[in-house]
Ligand SMILES: [Zn+2]
């Protein structure tokens, strides 16, 4: 079984193309991890997720501890068996969800007590219990339990929160059971304050983890400030460990963050957009509910090999959403995840070819361009019924 480690295969500027080696197989980086919060990538079968080329998916401690419970998942063979995903799984620690979803939370130095958003029952998460739950789930990558302050907050509050999270990171590491091929990531906090981020990186690298995440961004600070924070943070992070930017983002966010040295991402955007008729394409986004798609026999994208694009027209997708048919969200989620995976493959290839900046400029120009014209994509491209 492979030791958990990350190897760098190629660099272009600050961007890195590498390979993450885990007990559940390798993952090419940079990588986008579809979000499987409750043990399912919403509206997708696992075969569909696999068909997009996704190498690793997310699960969530907060949601799974409340329902169905970590002990039950463990008794049923762990999260991989439970959700039928043999590849690596990263589990979020629950810290962010306790803050955003848990009602009547009480934070103390030891942990957080909160009420379930499902039935109001009282629960408690500490660095030790979060790490234990992720162990029961059999997460390939365990995240440290951290505290996520609501923003905006004054620098003193951000500093106090970051230092609490660093003490919790040490306790999470203490509680973590080392296994071959498994890893635990520390989470760099500190808001958009350069010196606090540096203090956090130092605290985490002193403890020592298999990878390092950047938390507390994409919470409303805007892309410019997020990129500025990455510009000062990634250069002081270890060069031989994977870097994971949590909860990000749009295709342009991913591209700009890879250019700043980030290797791993997760975000609900492509799955959530897929349930609300919004499609990501090489030419920006489309709203399939829009009347202009009602008679359009073309696929969403001429470059996509997903089921929505190879077998169905925009007009059919439009019809499914107008009729509130469940197949609409299923097909469009599939398409969006396929797009995100294709994007990451193209970005990775550009790093290997050492032309990421030119590729990025071309991608950004295309996102800003209009939909494909009739000349660029004559209709119909949908193949006949077999
Ligand atoms: Zn597609």
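Residue numbering: from 1, along the chain as shown.
In case you wondered, yes, glycine gets a Cβ from its N, Cα and C as well.
Heads up, TrEMBL stuff is auto-annotated, nobody curated it.
The shown structure was predicted, so the numbers you read here are calculated from the model rather than taken from an experiment.
If you check TrEMBL, you get these features:
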DOMAIN    14-367  domain 'tRNA-guanine(15) transglycosylase-like'
ACT_SITE  92  active site, proton acceptor
BINDING   92, 93, 94, 95, 96, 146, 189, 216  substrate binding site
REGION    247-253  region 'RNA binding'
ACT_SITE  266  active site, nucleophile
REGION    271-275  region 'RNA binding'
BINDING   304, 306, 309, 335  Zn(2+) binding site
Filtered binding-site residues, from 95, 304, 306, 309, 335, whose Cβ is under 6 Å from an atom of ligand 1: 304, 306, 309, 335
For the region 'RNA binding' (271-275), residues assigned helix / strand / coil by DSSP: 5 helix, 0 strand, 0 coil
Integer Cα-Cα distance in angstrom, residue 189 (substrate binding site) to residue 335 (Zn(2+) binding site): 33
Cα separation, the residue listed as 'active site, nucleophile' to residue 94 (substrate binding site) (Å, whole number): 15
Arithmetic mean of per-residue pLDDT over the region 'RNA binding' (271-275): 98
Neighbouring C-beta atoms (10 Å sphere around the C-beta of residue 189 (substrate binding site)): 31
Least Cβ-crowded entry, counting other Cβ within 10 Å, from the binding-site residues listed as 95, 216: 95
Chain-mates of 304, 306, 309, 335 with C-beta within 8 Å of site centroid, Zn(2+): 299, 300, 301, 305, 307, 308, 310, 334, 338, 339
Minimum Cα separation from residue 96 (substrate binding site), reported as the residue among binding-site residues 304, 306, 309, 335 that achieves it: 335
